[in-house]
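One structure below.
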Amino acid sequence: MEPVQKEAKDNPSASANLLSKIFFCWLNPLFRIGYQRKLEEDDMYKVLPEDASHRLGEELQWYWNREVQQAAKDLRPPRLAKVLVQCYWRSYARIGIYIFIEEVIKVLQPVLLGKIIEFFESYDPSNTAAVYEAYSYAAGISLTAISLSVLHHLYFYHVQRAGMKIRVAMCHMIYRKALCLNSKAFAKTTTGQIVNLLSNDVNKFDEVTLYLHFLWIGPIQAVAVILLLMYAIGPSCLAGMAVFFILMPVQTMFGHFFSRLRAETAVLTDDRICTMNEVISGIRVIKMYGWEKPFAALVDDVRRIEISKIMKSSYLRGLNMASFFVASKIIVFITICIYVLTGNQLSASRVFMAVSLYGAVRLTITLFFPFAIEKVSESLISIQRIQNLLLLEEVAPQHLGLPKAEKKDCIVKIQDLICYWDVMQEAPTLQNVSFTVRPEQLLAVIGPVGAGKSSLLSAILGELSQESGVVKVKGELTYSSQQPWILPGTIRSNILFGKELDPKKYDRVLRACALKRDMDLLPGGDLAMVGDRGANLSGGQKSRVSLARAVYQDADIYLLDDPLSAVDAEVGRHLFEECICGLLRKKPRILVTHQLQYLKAADQIVVLKQGQMVARGTYSELQGSGLDFTCLLKEEESQEEERQGVTPISGTVSRFPHTLSDNSMSSLSSLSSSRYSLIEGAEPPAVVVQSTVEESRSEGNVGLRMYVKYFRAGANFLVLSVLILLNALAHITFVLQDWWLACWASQQNHINVTEHLNGSFPRQLDLDLYLGVYAGLTATSVVFGFLRSLVFFNVLVSSAQTLHNSMFNAVLRTPVHFFDINPIGRILNRFSKDIGYLDSLLPWTFVDFIQVFLQVIGVIAVAAVVIPWILIPVVPLLAVFLFLRCYFLQTSRDIKRLESTTRSPVFSHLSSSLQGLSTIRAFKVQQWFQQMFDEYQDLHSEAWFLFLATSRWFAVRLDGICSIFVTITAFGCLYLRDGLEPGAVGLTLSYALTLTGMFQWGVRQSAEIENMMTSVERVVEYAELESEAPWETDKQPPNDWPKAGSITFDRVNFSYSAGDRLVLKNLTAVVASREKDPVLFTGTMRKNLDPFRLHTDEDLWNALQEVQMKAVVEDLPNKLETVLTESGSNISVGQRQLVCLARAILRKNRILIIDEATANVDPRTDGLIQQTIRDKFQECTVLTIAHRLNTIIDCDRILVLDAGRIQEYDEPYVLLQNQEGLFYQMVQQTGRAEAASLLHTAKQVYMNKKRVADVCRAKDICVIFETSL
């Protein structure tokens, strides 16, 4: 909500010179800052104009719109993949030039190597020309090494940026689409799914761009290498290449299996995140019902299946990596065998030239090419998923505002309207509705729960598409929803909602909406931060902020969906008089309400029942018509008879459950403007605002302790030691195999040279011995290579499973306060992104790093054995490397953490936008929200761009170190040429050349591991959250406990969390707890009533019958098996509350707290519910929180709270005798007739009660009534 972007610095890469661009020197100032202190968001550079979200998104959107039109002409479905190609092929093709030159150089290197070794084989100290020639080859090798390191990183930097652009453009389009989806579309997709597209699927574009070029580079390079090999060792090279080409389809097959598993896993992950989303959203209900265990089992089941799929795909990955690791060994082995067995003699120059050529092509053919195929197939799945979203139906374009001159002609006209939410249902949601509303008119819409009142407003807003009939709207609409939607941000930004601040008007709106005093009391006033979904405001406050937002918009036509139900009578009257009939009196207004006392003020009343309009007219016309309307009105007129009608016979009076005030006891009392402040100078209530805390970012290194925790989560010490042993053995056999080859070649060379000198008979080497040992070493390196990969993956995936479980259990056990101060997006991020890393990326990176690390050690060891003094230059190089790594990690770690913290708001913004979709559309602020989304994306792109560039800065420098090592080795061998074996030189040089790409890759993987270990750290942090009291204690109560539901408050002081101000002060009373916001879960009606199948169907139907919902559920297409969509949005809010009440009835608790249970239902249903509560909960202590004085007047006692302290506590009739009392004054607010009726009822109840004074006190029913004074 707040301006996203702090002032960012200009991006230096835009103005950098050529050298600076090649070596990324423009990043040096950033590294200096990062080395000295922790990097903050303000240190990041502005996004380059060509990377800005808005620009990229609009460009891609243009291509997509063109494709959609074209497809419609050609009568085919539009193809998103085609659009991506059209939009990006030019820029992407240009980057291919870098990789082409790089691969050409890679093929030239082995030829130069072969020439140097040849010089050693025919070494003649007297031939100086040959020495100079050899030096020129050495210079060639070092030059190629340097140019490789430069080109490689330029290529990767540019393709990663290309990937980023596609991802950002895609996200922009997905968000833009999400803002336009209509009700039919939401039947086919869920919030979880859209968030998953944004968090997982778009990341495929980052990956696929890396490897796409290898699809054409691979084959070209393979052909070139085959030709050179034919020249070096003749046709036996074909056997080796054959193995390559056998490996390729095998790896591609792995890739297919892998992406199939990946698709299956994605569905399960969607499922798990969706369930998690509901658990976190409904955590209060889950905790109150003690449902933690069953929900944990639910998540556990999904997770178990998900992990088994992940384990399978990890084994595939393990086999794939191991086959890559041993492929080169097998290939060289087969080539050499055939070469020797066809009667050729081994020579070092040929062997090592062949080994190097295979090495040059190995990465491309066995890794990048299959990777490209795998990533393309994965991307196509993701593109398909995104395309499905982009093709969903959209809402009709909205009515545009009127020119100023026509403001007075604004009108809403509806004629014979018929609408369906779901075409599958037989009965339409709305039918034959007709009315017209003109300026200065107030139309009240009334009707029982589920009559279609909110649907009518949706139809006017264009959210509910009409089947037939006319909806004509002239003027700008604004809307206040039944369930107020609050954006994370300040209260002021929630009210202004993108409009400029006009202090006078703002003040008027606050007063009219009774928010003035709340603002004075909140710490920080209207600039107090509100958490996700307004977690720290009371229901009444949310409702009034939502109303104030609508009023401030100053639109032409107002649609108000039950804004008066969450506030008490007095504030309700203030809102009605000052706001609805005050500030807004000149406008056409449509008010959905259950508060029948306001109907007399309405110009027109529409009565809906089961989606049909049963009556329309003024108050007096409807009274005269003798319609069912009077039945709804009975409450108002003939309370006398009503009361006597329902007052139970003496003896049960004392068991009346009844009613409390402003949403949730913890609420901040609804404080109306000062003209109602009857008690001046009273102590202001303690107001609690729990602002969301900043997401913690751990600083410094990830300690060794974290690695130990990570590994110990997956295996015990025995398994870990076996793993270490396997790794060591695999690498020793790996090096020994090459070393044996070098000895063999040198031995052969000795024989040839002595023959040449002596001219004696040719002596044959013992082929069986050399080949036998060689075969044995190859076989062991293959076996160990496979074994250690599989064991490694098993251990790390088990770790992920263990850590997920402990984090989930900890989150379930943590106190509710945690959920108030952490937005849902942040908690979900740990379960989606961080667990995603632990599941697949971290294990793979770890295995890869260990392989590379051991290989690097092997290279240095071999070089040191051949030329011991090479260790002298290695030491300073090592020192430089260690400093660089430490210097780089200081900055890189911060950038990576910034990257994760700037990612969360992108998701949070998406999910909160989806919750408030109808409000966003009614206010026509889609542009503003899209712009905010683009700003969040740009902020994330700033961090991502730095992440790409800094990792390349580091890699170029590391490869520089390797090039120096190669140069030293090449010139060193020539300088110390006396007494060096050609085989040893070949081994050393060919190993040194492999260092170039490998070393920096290994180091970057180690940095990557450190970065991903922050995910482990974040998961462990949540796994160690403070726990609330244990669910079960050692002392178990007897089975029939509690016999009576009494609760004693003894001098209770209460605040939301340790450091907050008190909300309840010194409260002493006898009261009691159960139901809150109507939270429903995705799943069938049955699952919502009885999530764990503890009751029979008959019980469920009876419970529904009790709350007047049986008929509604019987009309649903699949009755109890009907699936309720996310948060139950396919039944009305009132019906949702009734389902929650039915749930409470099924549970048969001794103590019931009903918080606002009947706020959103009509008086008739309210009366029925009250009756149900009296009958069903006779034996219980019932504590009701409500806002209708007429329904609480007949309860046993009323507890009046003000500012967290008890003001009055007695029977209603006794309270009404005290004319100074708050309760008396509130009753007077209702108007003379109503007040007289209330007094009469209270008196009657009191008299009846006197007759049955012997009724047991424990069964007392107490009511808390929190004033709004």
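Glycine residues also receive a Cβ, built from the backbone N, Cα and C atoms like all the rest.
Given the structure is predicted, the values throughout are model-derived calculations rather than measurements.
What TrEMBL lists as domain 'ABC transmembrane type-1' is 95-377, 722-1011. Annotation source TrEMBL lists domain 'ABC transporter' at 412-635, 1004-1228. According to TrEMBL, the feature transmembrane segment maps to 134-157, 210-233, 239-258, 319-341, 353-373, 715-736, 771-797, 841-863, 869-888, 954-977.
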Short question: which residues 6 or more past the ends of the transmembrane segment (954-977) have a Cβ under 8 Å from it?
23-24, 116, 119-120, 123, 131, 134-135, 138, 141-142, 145-146, 148-150, 152-153, 863, 867, 869-870, 873-874, 877, 880-881, 884-885, 888, 892, 985, 988-989, 992-993, 995-997, 999-1000, 1003-1004, 1007
Can you tell me which recorded stretch out of 134-157, 210-233, 715-736, 771-797 has the most Cβ pairs within less than 8 Å of the transmembrane segment (319-341)?
771-797
Selection from 134-157, 239-258, 715-736, the stretch that has most Cβ pairs under 8 A to the transmembrane segment (210-233):
239-258
So which residues does the transmembrane segment (715-736) touch in its own chain, when a touch means Cβ under 8 Å and the partner is 6 or more beyond its ends?
329, 777, 780-781, 784-785, 787-788, 791-792, 794-795, 798-799, 850, 854-855, 857-858, 861-862
Same-chain residues at least 6 beyond the ends of the transmembrane segment (353-373) whose Cβ lies under 8 Å from its Cβ atoms:
103, 106-107, 109-111, 113-114, 117, 208, 211-215, 217-218, 221-222, 225, 228-229, 232-233, 237, 240, 244, 247-248, 251-252, 254-255, 323-324, 327-328, 331-332, 335, 738, 986, 990, 993-994, 997
Candidate ranges 134-157, 239-258, 771-797 - greatest C-beta contact count to the transmembrane segment (841-863) (under 8 angstroms):
771-797
If we skip the immediate neighbours and take only residues 6+ beyond the ends of the transmembrane segment (239-258), which ones have a Cβ under 8 Å from one of its Cβ atoms?
222, 225-226, 229, 313, 316-317, 319-320, 323-324, 327, 330-332, 334-335, 338, 354, 358, 361-362, 365-366, 369-371, 373-374, 377
The domain 'ABC transporter' (1004-1228) [mean pLDDT, rounded to integer]:
75
